[in-house]
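What Swiss-Prot records for this protein:
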type: BINDING; residues: Cys122, Cys124, Cys132; note: Zn(2+) binding site
type: ACT_SITE; residues: Lys199; note: active site, schiff-base intermediate with substrate
type: BINDING; residues: Arg209, Arg221; note: 5-aminolevulinate 1 binding site
type: ACT_SITE; residues: Lys252; note: active site, schiff-base intermediate with substrate
type: BINDING; residues: Ser279, Tyr318; note: 5-aminolevulinate 2 binding site
Amino acid sequence: MPVDISSLLHAGYSNPLLREWQGVRPITKSSLMYPIFISEIDDAKEAIDSMPNQFRWGVNRLEEFLGPLVKKGLRSVILFGVIESKKDYCGSMADSENGPVIKAVKEIRHLFPELVVACDVCLCEYTDHGHCGLLYEDGTINNAKSVERIAEVSGNYALAGAQIISPSDCMDGRVKAIKQKLVELELSHKVCVISYSAKFASGFFGPFRAAANGAPKFGDRSCYQLPCNARGLAKRAILRDVREGADGIMVKPGTPYLDILAMASKLADDLPIATYQVSGEFAIIHAAAAAGVFELKRHVMETMDGFMRAGANIVLTYFTPELLEWLEY
């Protein structure tokens with residue numbers, strides 16, 4: 001039976017090296033950013049029940065925790081503060097000198113000067129109402145005051161030594177305000193902004209909110225995080241942040257939004273594109289692997305391939321410790 005020569009594909013991926021050549025750039029250790037939770041208790045190592053192998057770490061234990069990972073090739077981390085007390089209307093502990101993030105930035109920069117430190121910037125972990133910004137009396141978001149406060153926190157993180165500011169609050173105009181604050185502080189030449197541009201009001205955030213003690217006390221975040229089916233709004237949010245001077249763009253969550261990730265890589269093709277494999281994605285994969293549904297390593301690596309194929313340069317994932325091991329070989 002005659003065969004159309006152009007239909008013969010198997011030979012092109014008939015051995016492992018050829019299969020590598022057929023793919024896009026694979027995930028590397030440099031592509032990984034590890035999200036870590038910093039406790040207000042300096043000596044803490046508190047297990048997070050909903051997130052296997054993840055802990056809230058006190059600043060005094062960061063050397064014990066991060067040292068082995070840095071030796072394995074960890075290049076960057078992103079910090080999330082966790083507090084139980086001293087929450088207030090404006091989230092004053094977010095950038096307090098005695099707060100977990102400021103202390104952790106200084107300690108990590110001292111212990112591991114080669115490690116790139118990013119700070120998530122949001123107020124939900126620190127406000128008494130659990131929302132990501134400041135509120136009017138009727139409980140709605142005061143965008144202008146929120147942006148002012150987010151820029152203030154960002155500036156203080158930069159002064160403490162953070163090299164990357166990552167606002168996740170979803171306020172309109174915050175990238176421009178942060179960039180202006182960095183110019184004012186004469187830090188705009190060495191502190192970059194990777195914005196959570198396309199952050200969706202996702203159910204996959206559940207385990208994180210428990211881990212960071214940052215769930216809203218009333219209502220939800222659907223008026224400032226993007227609707228899950230809103231491709232057009234995501235496009236506008238990405239383009240807005242590019243215009244406002246973002247140095248990188250992030251899509252969050254990861255796996256359910258690969259189409260948005262691919263779109264971001266085209267809309268902002270001259271910027272680094274990040275995606276966040278969030279706590280719910282992490283928990284689902286762990287639970288399925290524990291139940292014998294699939295093999296953990298193979299499935300995690302497949303999700304990494306999906307992110308890179310869709311256009312990511314940076315992947316935030318709680319699987320970073322395992323990936324540092326797997327990518328060694």
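Cβ from N, Cα, C; glycine included.
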Least Cβ-crowded entry, counting other Cβ within 10 Å, from the active-site residues listed as Lys199, Lys252:
Lys252
Out of Cys122, Cys124, Cys132, which of these binding-site residues shows the lowest number of other CB atoms within 10 Å of its CB?
Cys124
Lys199 (active site, schiff-base intermediate with substrate) versus Lys252 (active site, schiff-base intermediate with substrate) - Cα distance in angstrom:
5
Report, in whole Å, the straight Cα-to-Cα distance of Lys199 (active site, schiff-base intermediate with substrate) from Cys132 (Zn(2+) binding site).
13
Can you tell me the CA-to-CA distance separating Lys199 (active site, schiff-base intermediate with substrate) and Ser279 (5-aminolevulinate 2 binding site), as a whole number of Å?
14
Three-class DSSP secondary structure - Cys124 (Zn(2+) binding site):
coil
At the Cα level, what's the spacing in Å between Tyr318 (5-aminolevulinate 2 binding site) and Cys122 (Zn(2+) binding site), rounded?
19
